Every structure is written in C-alpha cells, then in structure tokens.
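Per TrEMBL, transmembrane segment is recorded for 27-46, 61-78, 90-108, 124-145, 157-180, 192-213, 249-270. Under the heading domain 'PAS', TrEMBL lists 291-343. The domain 'PAC' annotation in TrEMBL covers 491-543. TrEMBL lists 575-708 with the feature domain 'GGDEF'. Under the heading domain 'EAL', TrEMBL lists 717-972.
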Amino acid sequence: MNTRAQSFARTPAGATMGETDTRWLRLGRALVIVGALAIVALLLAGPQHVAQAWLVPVDSALRHATIALALLIFLSGWNHQGRTSIGDMVFAFGFLAVGLMDFAHVLSSSRMPDFITPNTPQKEILLCVLTRATAAGVILARLWLPERAFDRTRRARWLAVTLIVTALAIAAALTGADAIPPLAIDHGVRSLTGILVEAAISLALVAALVTVLLRDAPQHGTDTLLTIGVAALMVGEGLFLVREHGADVAHLAGFAYKVLAGAAFYRLSYLRNLRMPYLREQSLRRRLAEKERFLDTLITEAPDGVLVIDEQGAIVAANNQLLLDFGYAAEELIGRPVEILLPPSARERHVIERSAYARAPYSRPMGHMRAVHGVRSDGTPVPVEISLGGAELDGRRCAVAFVRNIETRRRLEDERSHLLGVLEESPDWVFQADAGLLLSYANPAARQAFALAQQGAGDGAGVPLEQLFDDVDLPLPPEAMFAAARRAGVFSGETHLRCGHGRRIPVSIVVVAHREDDGTVARYSLIARDLSERVNWEQQLEHSATHDSLTGLPNRLVLIDRIEQAIEAAERNHGAAALMFLDLDNFKLINDTLGHKAGDTVLVTVAQRLQACLRSGDTLARFGGDEFVIIAPGLRGEEDATGIARKLLDALDAPIPIGDSHVAANASIGICMIPRDADSADVAMSHADQAMYRSKRAGRGHYKLYAAEFDCGSIEDVELASALKDAIRADNGELELHYQPVIDLGARRIVCVEALLRWNSERFGPVGPDRFVPLAEETGMILELGHWMLSHACRQLAAWRGAGLDIRLAVNVSVHELKQPEFAATLETLMSGHGLPFDAIELEVTETALVRSIESTAGNLERLRQLGVRIVLDDFGTGYSSLAHLQSMPVDKIKIDRGFVHAVSVTRNNRYIVDALIRLAGQLGLDVIAEGVETAADLEVLEQLGCLYVQGWLFHRALATRRCTELLEEERSAA
C-alpha cells in the first residue's frame, strides 16, 4: 500500500477518540446508503421535477453552504499552529480554490445577472464540473503526496499562487466556455461529453475511497470522517450522473451530498489543524507540570539532603531530609549563608573555598572527599558526605549540594566492630564459608580448637568446612545439614566435630545460608557449641534416673525393658527364661528397730550377695523398698529356674553384720516361667508377684513356681469390676472428685488444683485408686472412667470460673486414653461446651506410660499442644530413658516423683537428683512441680534448689469440692 496514503489524517493516539465518535460513523453510513438507494430509485422511476418555488431557495442554500464549508476548511488549515505537512496545506489551499470556483459557479447561474460574460448553461455547467473535479483532484493529491513538513513562512506565497491559479481557471471558464464541446443540450439535458466528464470525476472519487479503505494503519476517528466525505462526494456524483436536468430531485440531492462531504472534510480539518494541536499542547503542558511535580517530589522526599546555594553563598532551597538532618524549619534556613550549617571553626575556610568554586565550578561525586561535620540547629555535630554540582535557577548560576547523613552508617560500623569483637572473644566456635564450603573466617576459639593456624592461609581460610565433621556414626551427614539450611535459610541440630587433636566432640550447631538478591547462596555461617560437659552430665543423670541410688542396681523401668527382651528371645529361640520376684521377709522389722541406716546396709549387702549368685547374662534389679527382681534368660526349664532360686535363698541364709550385731535377711521368691506363663512384661510381673505371695503364705524363706490355679483368687476382682462399671455408668454418686492444691512458692498462692478420683463403693466401702485404677485398665474400663473424670472436672472448673475463681485444673489421664484417635477432639468438645479456655486444663500422664507409648500418642499430644492444653509429665525421674526422650516429648511441665522429694532434706542422693532435675527442666524451658512435700525442712531445701511449685500434705490434703471452693474463695478475698 502507498505509504503516502497512510499519512493522511494521522493523529496522536487518543486525540480523535473523544472528538469523532461512533455517531459520525452511523450518520455517514446512513446518508451514503440513502443516497445509493436514491440513485437506484431515480434510475427506476425516471426524472422527478421539483417545483420552482422550492427549487430556487433550496438550490441557493445548498450552493452557499458548500462555499462556506470550503472556506472554513481553508481557514482551519491557515490557522494551524505548530508543525504541519505539505499534504495538509494542499488540502487547505485546494479547498480555498474549490470555494472560489463554487462562488463563481453561483454567480454564473442562469438565474443571476450576467457575471463578466453572459450567463449561459454551458458556462454554468463548466464551472460546476470544474469545482467538483478540483475537489476530487485535491483529495487524490492529499492521499498520494509524501509526508513532508511544510514551511509556515511560505503560506503567503502559497496563498498568492492559489489565488492566481484559481483566478486564471475561473477566467478561462468564463471566457472560453464556448470553445469546448457542449456539456449539455437543450433544456439542461447533458451531452455525451458532460456525462463522460462527470463519470471521470466519479472514478477519481472511487479511487480515493478505495485508497482510504485499503490503508495499512487506519485512524479510527479521522478515517471515518474521510471515508464519509469521499463516499458522500461519490454518491453526489452518482446523483449528478442520473439526473435529467437541473430542476429534478437528483440534481438537488447531488448538491446535498456535496454539503455532507464538505461538513465531513471541515470536521476533519478542524480536528487536525485546530483541535488536536490544542489537545497536544494541553497534554504537553500537563506532562511538563507532572514532570515538575515529580522532580519536586523526588528532591523533596529524597533520602539524602539537597541544598541549593546561589553565587553569594545564600541558601536558595533545601529539601525535607536536609531540614530534618539539621533540625531547621524552611523559613529559618532560606536566605541564610550556607556556613550556618558548619561549625564556627570551619566557616571562614569554607567562605574562601566557596568563592574559589564560584570562579571555577566543578562536579564532585559522593564519597570522593573525607566526611565532614555539619552542625545542627541545637549545636550538635552531624557527620555528612557531600557531592557537588551546578544548575541554573531563575537565571542565576547556583551550586547544588547533595548532603548524606552518615551518622547511622557510622553507628552501624561501630556496632559491626563491636560484634566482631564479641565474635573474636566468644568461646563458641564461629565459622564462615563461601558457597563452595571453603572456610573464609574462623574466630580465635575455633582456630585454636581445630588447629586451623597450621592449615590454609594461617587462619584456616581455604580449608574445606566438611573436614571439621567427624565421619563416624553422625546423626545427620554434613551435606544434609547444608541442604536443609539452603531450603529453610537456617538449620539447627546436634552432631559431632573432630577437633585438631582428633577428639570427637558432641556439639550443638546452627548453620545459616546467606543469599544474594537473586536467591543464590553466597556464603554460610556456622556456630558450634561444645556439649561435652552437658552430655557427660546427662549420662550421669540418666544413669541415676535408671538405677537405684542405694544399690546401683537397675530400677523398675530398666527391668521392664529387660523382661520384654527376655520374652522376645525365649519365643525366638524356643527356649525358656525365668522372672523371679524376691521380697525380704523381715526387712520392715529391721528398718523399724535398727533404723534406716541399718536398713540401707541390709539392702546393699543383699544386692551384693544376690549379684554374686547370678550369671553374666542375668539381670538383678531393685523393684522398690525391699523387693528385688531377677531375670534369668537361656534356661532349659523349671529345674534351672528352681536351682537359681535355691542358690539365692542360700546366699541370704548367712546373717548380715550391722555394727556389733547380726541380722537375718530371709526372703520369699515367686517364679514365672517365660514364655509359658506370660507373654508380656506386665503379666509376667503379676504372675511372679502372685507366686511370691503364695510362697510367703507357704512359709517364709521359700520359693514358689506360678501355677494357673493361682488366678482362682481373682473372683473378688470380678465382682469389684462389676461394681466399678455400675458406678461409672449409673453415675450414682459413688465416684467423686477431690482436689489437692498446687502452690506457687513465689506468690504463696494456689495456682492450680489436681483432680483426684475417689470411690466409696456401697458394697465394698472405700476402694483406693491403687486398687481400682489397675483393675479398670485390666478390664478395659479405663476409657469410660477417664471420660467420666474429664466430664466432671470440666463441669466443676466451669462452675469455679463462672464464680470468678481464676484457677487451672490438672487431670490425670492414662496412656490408653491418649492412644484413642478421637481423644483430643473429645476434650476439645467438652471444654468448648463448657466455655472453657484450653489453657485452663492441664493433663497429667505418667512418665513410664508416656515413654513406652510416645509414638502412638504423638498425634493427640501435638493436637493438644496446638489447642493450648498443657501437658504435665507425672512421676518424673522414675522413667526409663526419660532424659533421652524428654526433648522429644511435647510436655510443658514435669512433676518430680514423690520418691525423690520425700526426705530430700536428709537424703543426699535425693537432693542431688532433685537438683539435677530442676536444672535440666530449666534448660529445657519446663516448669517443675515437686509433689509429696510433707515437711517444712523438705520445703526449705526445694526453695533453695529453685523449685517454684509444690504440692503435698504440708499445705493441703486432697479436699472435697465444697471445701476446695471455700479455700479458693478465701484466698481470693485475702488477695
């Protein structure tokens, strides 16, 4: 497509959209369609005469309208402001010629007096055709002319040429009309020559219309106007072609479409030459104003201070940041000498330097000069960096200073220096490595511990970081640690490092991955702390917790594990093992008559004698008090078990010396054969216990093998279980809750009460928890019993809280309940139903049960922690592997077993253990409750050891609901 045609009527995007909307397009299309239909109708119907009374005024009005529109097109182009093209000027001056020719055509009308020469039909038609042909030629010229700029200084010359050419054309038509073949015959009917001329004009207009429609880059608004104008002229020419004479409808319709075309061309010229330049100018002014506002905002809100100074050194302008940095208001600073911002000692020198700068201005980037000190309005110094530049402001040469307050940067540098000093003096080992895990920094403690001074560049730089890790039995390989740090940004855990002298050291470690802006890892920081002392201490504490402090024998939890191992081995090897329960027959008499010290001597001696009788694979454990348990694996049968039992009893026959006297320490033994008599530790212990009591009944100093008939004595247990079931389900008042307060030693007030279940059976009388709780567990009623207890506990807690008693309630739960998948949801429903906050309830679970079931209860425990329910580890210190599991247990508090608390003031071992447990809990962020506090002396020791919470008979026994309520109300009133 011709590129010259593409340039026609092209305007800035958006300028025509608001000026030429779809109404123009709809109107133009409608008129063109009407004209086309009129042409067809006239061809079919023949000439339609117009009455003379209508013909003259309508014809005259249309002719004058076309003249006026042509002159308006010229005037809009003449008054165009700004840059324009040659094509636009051809369009404007061409329509000036069209208007003048049309005016001559009107004056040459047969209805007008003679104009220069006689007004003949030939002369009138010639001027009419000349006008229309000129219009078609102007349009084609504009479409095909190249897009070149027009020199506005040549407008007058163009006007003169246009007027001369137009005058010559009109003169030629006026004087030479008769020299050309006739354009019409009698009565205004056109000749063949006239028809051919008008057809040529029509074809020119068709070419113009096709040119517009095939443009590569049409302009929405102006192309619509151009299309309407050309199409209207083309329809008008068609009407002129089908007319018969100058007095029919087609003749007038042709002139009407000339008016329509003139209106569209004028609208187009107005938009391009007047309206759009105005809009462009307005847009430019808006953009300039926005740019000024933007620059003003940019300078005003810049993070650095901006100061403008004239040649005399007076401050002309200052932005907000500079005013803020120096503590001035704008009116206090503008017009003042710039030296006001400098300390007095520097002002005179600055005047000299400023004068030199004014004579020879130069630019100075930020940071190319040492920092200087300014002075605030209050006289305090402010360190700054300055860059200089020049600018013109209101015709004056000014200096522009960009002033950066580096006070914060200096403070950060000082802090960095301080932190670096801390790292240098830190006893922890601090390393930094690049993305390839090569060391770039190690603090002195690390360099010494890992002998880095003899490696790398003398400070460890360049040493592979993985070289520091021990490569034997690591819980997590180094590459996994760094991968975790890359994923999460930081990794923390425990591992082992290999020091410079080869020693394997347990450490806690933190690895931080530092990233660039694009997300790639730039370097790693690693901090390691030696855990050797803590690990040794934990191992000692763990041994103390799993072994009897008096005899050094394993305690009951080690025993449970060993029993399970014996059962598994016996079943796997199709062999046998024996579990022996040994109870001293007269130990209570010795303890009561000779004292606890004598009793301890007896227990130690008994332990030594028993241990001497056993094989290397056998286990001897102190079960509690004067009870011992022996596990003898790898037996052939009962004969081997009874042989060992006889050896044990024989070893105790010899009297035990106590001071100047001797005492006898006879014993009774019950034997359970594994796996014949039991397939679990609990059953084995129960059967061995039953056999031991049968042995005692048979006479002291004997042993007895378990037999199935021993279970016949459990009829009472069956009846008791039935009564318990009725008490739970009927809720007949036999079961009730009592409450024992927990005391905050710091505030000496009650912060919590523990709910304790009591059963006063109508048939059996008071039944202790040590009797009915195991029975409930054995018979599967523990879940119902636990739900009864939680329901009544929540109901009572809601009543207390409703009465304004802000108290927490601790409830014991069994591990069987925690294993139930719906336990957490059930508790949540209970508490929500009573309107209780979740942190108002504490759940106590024994350490022994939790350790053995940690995996199966983990889901409920985690959900309870999320709700806010506190978990308390009861009987802490008696559990096997308690220390190994404690960090992974989701608990909030530990309750030290009463066995350790009892006589803590007089028993050194108990004191050591309690102290260690309190310290351990503190390091793990856990609260500690000491239960079973019965003497003021024990309380004093607990306070000295840092225990914050206690529970025991020294303060309160378990109280009935009414008495506990009164106690809580009394304490609230006292507060």
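Note that Cβ sites are derived from N, Cα and C of the backbone, with glycine treated the same way.
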Query raised in the report: Based on Cβ pairs under 8 Å, which of the stretches 61-78, 90-108, 157-180, 192-213, 249-270 lies most in contact with the transmembrane segment (124-145)?
Result: 90-108
Query - Positions whose Cβ lies under 8 angstroms from the transmembrane segment (157-180), at least six residues beyond its ends - result: 78, 89, 93-94, 96-97, 100-101, 104, 108, 115-117, 120, 122-123, 126-127, 130, 134, 193
Requested in this report: Mind looking up the mean pLDDT for the domain 'EAL' (717-972) in the predicted model?
Outcome: 87
Requested in this report: List the helix, strand and coil residue totals of the domain 'GGDEF' (575-708) as derived from DSSP.
Outcome: 59 helix, 41 strand, 34 coil
Report task. Please list, for the domain 'PAS' (291-343), how many residues fall into helix, strand and coil according to DSSP. Result -> 25 helix, 11 strand, 17 coil
Report task. With DSSP as the reference, give the number of residues of the domain 'PAC' (491-543) in helix, strand and coil. Result -> 12 helix, 30 strand, 11 coil
